[in-house]
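Here's what Swiss-Prot has on this protein:
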ACT_SITE  ASP146  active site, proton donor/acceptor
BINDING   LYS16, HIS206, LEU207, GLY208, ASN209, GLY210, ASP281, CYS282, ARG283, GLY329, ILE330, GLY331, GLU332, ASN333  ATP binding site
BINDING   ARG89  substrate binding site
SITE      HIS178  site 'Transition state stabilizer'
SITE      ARG239  site 'Transition state stabilizer'
Amino acid sequence: MSKLVLVLNCGSSSLKFAVVDAENGAEHLSGLAECLHLPEARIKWKLDGKHEAQLGNGAAHEEALAFMVETILASKPELSENLAAIGHRVVHGGEQFTQSALITDEVLKGIEDCATLAPLHNPAHIIGIKAAQKSFPALKNVAVFDTAFHQTMPEEAYLYALPYNLYKEHGIRRYGMHGTSHLFITREVASLLNKPVEEVNIINCHLGNGASVCAVKNGQSVDTSMGLTPLEGLVMGTRCGDIDPAIIFHLHDTLGYSVEKINTMLTKESGLAGLTEVTSDCRFVEDNYGQKEEATRAMDVFCHRLAKYVAGYTATLEGRLDAITFTGGIGENSAPIREMVLNRLGIFGIEVDSEANLKARFGGEGVITTANSRIPAMVISTNEELVIAEDTARLAGL
């Protein structure tokens, strides 16, 4: 039986897709539709070479999925005819979903109910699920939740020091994101160290335009930096991460900012973009560090925040840390950021191997600390699509 899984990741203005063989991990197709709802909506894909096409003025998720089915997959019948199931990345599953789920009307309703916790993402996921069901009515659909891996966090880690009824009645707590990536890295470290997953203790840094840290104890998430939403925690591309909540009142009451303006500023105009006042692109920050004041400022704040989180999470692991790991677009490719962060953690006996660190870029992986380092640090490429494909195959009975 075929184990080809169509993996869909619908963002607020994008649709990422791939066809993955859940049995051997081979990726037969990958692509991205971006700038959806805008005049420049376009789609790029890799299938027997690289391709790109315009989707038309204001094209939405439905049009992008239709193009993928009717144009891209139609050009490769051996793929479309052998698709066995569809897996969907879903950002927020709240407390209702502690693991991946076969999509039923009840599960779809649950995803809709969680939309208040991820208003930019969950509605887009629902559109993608319904469009996929329409395009492939015979295939089973599976939801794989970013929040599920973090449902093992203890109460002391996920509760906020707010009136307890806000949690009991409204579910206001830490949920965390990037769970699928953190899970994949945990499994990879177990394999590299030749240990059962249940014995792995790591601190994983998933660094991209969105970024989070996760403390993993005995193979389970015990703390993570993102909170109720993906806004909390690290400095990100355009998101502020941790701030004094009273800043919001000051912006509103003293400076006259509207709630909408504050929300836009914290989510789309802060982070690296806010600190540089130029760009959210980490490559600019890295290339101009020490030369341009704005780049130096942004990189120092980014690395300070990340090192502080990593150091703090050692306390949750109670004495044993097998590895510090870096993944995601920045984590996998930015040798300077990795070195700056690890050098700030010298108190733990960490020694960076600068040559190995420099080699571990652009698909390179491996240990980036010296043999004398008390704690190893590793670069590992994440593969969320594979985790989604594997869970989908399992739940779809492939």
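Heads up, the Cβ atoms here are built off N, Cα and C, so glycines get one too.
Residues listed for ATP, LYS16, HIS206, LEU207, GLY208, ASN209, GLY210, ASP281, CYS282, ARG283, GLY329, ILE330, GLY331, GLU332, ASN333, cover a largest CA to CA span of 23 Å.
Taking every protein chain shown into account, LYS16, ARG89, ARG283 are the binding-site residues, and of these the Cβ with the most other Cβ atoms within 10 Å belongs to ARG89. Cα-Cα distances to ARG239 (site 'Transition state stabilizer') place ASN209 within 10 Å, out of the recorded positions ARG89, ASP146, LEU207, ASN209. Considering only the recorded positions ASP146, LEU207, ASP281, ILE330, the Cβ with the fewest other Cβ atoms within 10 Å is that of ASP281. When Cα-Cα distances from ARG283 (ATP binding site) are compared across the recorded positions ARG89, ASP146, HIS178, the shortest belongs to HIS178. A Cα-Cα distance of 5 Å separates HIS178 (site 'Transition state stabilizer') from ASP146 (active site, proton donor/acceptor).
Other Cβ atoms within 10 Å of the Cβ of ASN209 (ATP binding site) number 17 in total over all chains. Classification of LEU207 (ATP binding site) by DSSP places it within a strand. Neighbour counts were taken at the CB atom with a 10 A radius for the recorded sites HIS178, ARG239; the maximum falls on HIS178. The binding-site residues near ASP146 (active site, proton donor/acceptor), taking a 10 angstroms Cα-Cα threshold over the set LYS16, ARG89, LEU207, ASN209, ASP281, are ARG89.
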